[in-house]
Amino acid sequence: MTKTSKASGLSWFFCDLDGTLLRYQNNQHLIEPTTKRAVAQLVESGANFVVATGRKPSDVRNIYKELGIEQASPYLIANNGAVVWDLKRNSYLNKQTLSLSDFDLIDHINQTLNQLNHEYGCILYGLNDQVYFYHIHAPDSQAFKQYFAFYEGEFVQNQYLEIDGLKTEYNLVKAIWFFKEVHQQKAVIAQHFTNQERLVITSAHSFELVPLNVSKGHAINLIKQQVKITDNQIMVLGDSYNDLPMFQHGVVKVTNHLAPDNLKQLATRVYELPASLFVGQALNDYFKFD
């Protein structure tokens with residue numbers, strides 16, 4: 001197989017998961033077969049495909065297995081950059097946890113949302129892939145937990161633990177506030193948390209908090225330094241607010257028409273295609289496989 005690049009020198013591809021590589025449709029999370037083939041061909045050609053997501057590391061590993069690239073992909077970026085795992089060395093390139101002051105902020109946010117009477121859950125993610133239900137504010141907390149687990153997806157193997165306090169030994173890397181109703185989070189942040197720049201909208205249901213100085217963009221920069229590459233070798237693909245730091249890197253920046261305006265403004269290409277399909281199309285547009 002030979003590779004011809006329309007954008008000379010591209011060899012590293014950093015791709016968001018939910019809403020980009022992965023589409024949620026008919027109560028299922030799916031990757032288009034054409035996109036799977038494009039990723040496989042890309043990797044076979046010698047290029048590097050790295051998932052950069054808010055999800056935890058084991059979720060990315062499962063996606064790599066589904067794509068058939070678990071032996072080829074050199075890194076994974078998880079928890080919005082709080083975890084960067086070097087798959088070749090089997091070690092962390094980066095791991096950062098929430099601080100005691102972050103714990104205070106988490107409790108403050110929960111108290112505010114309780115007063116506003118939103119139906120939501122505060123879920124915490126640990127460095128060891130553990131997921132904790134910290135606070136559920138809903139008429140039926142058990143039904144809410146089941147709804148959240150269903151939303152996480154069929155490729156996720158979570159063992160949820162309930163906790164009633166925050167401890168440093170949990171090694172927490174991320175907090176997520178998940179709302180039962182969609183599109184509440186943007187107004188909540190705008191009206192009540194305008195001074196909290198680290199609160200990032202990550203889906204139609206959620207916003208998140210990660211450790212200070214953590215982002216997908218920072219994670220990409222760490223990889224750039226380790227493997228000694230430049231932006232001219234990089235394509236980034238994303239669809240949401242937590243992808244904005246990622247779009248500070250790369251020479252080709254790809255999203256679709258459903259992305260927020262500030263992401264589309266940074267993009268070099270905006271596709272009128274749904275999630276997953278636009279990733280496959282972008283890879284095929286920039287590479288021709290013979």
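Cβ coordinates come from backbone N, Cα and C, glycine included.
The phosphate site recorded in Swiss-Prot comprises Thr53, Gly54, Lys216, Asn242 together with one of Leu17, Leu93, Leu283, namely Leu17.
For the binding-site residues Asp16, Asp18, the greatest number of Cβ atoms within 10 Å around a candidate Cβ is found at Asp16.
If you take the CA of Asp239 (Mg(2+) binding site) and look 10 A around it, you hit none of the binding-site residues from Thr53, Gly54, Lys216. Shown are the binding-site residues Leu17, Gly54, Lys216, Ser240; the one with the most C-beta atoms within 10 angstroms of its own C-beta is Lys216.
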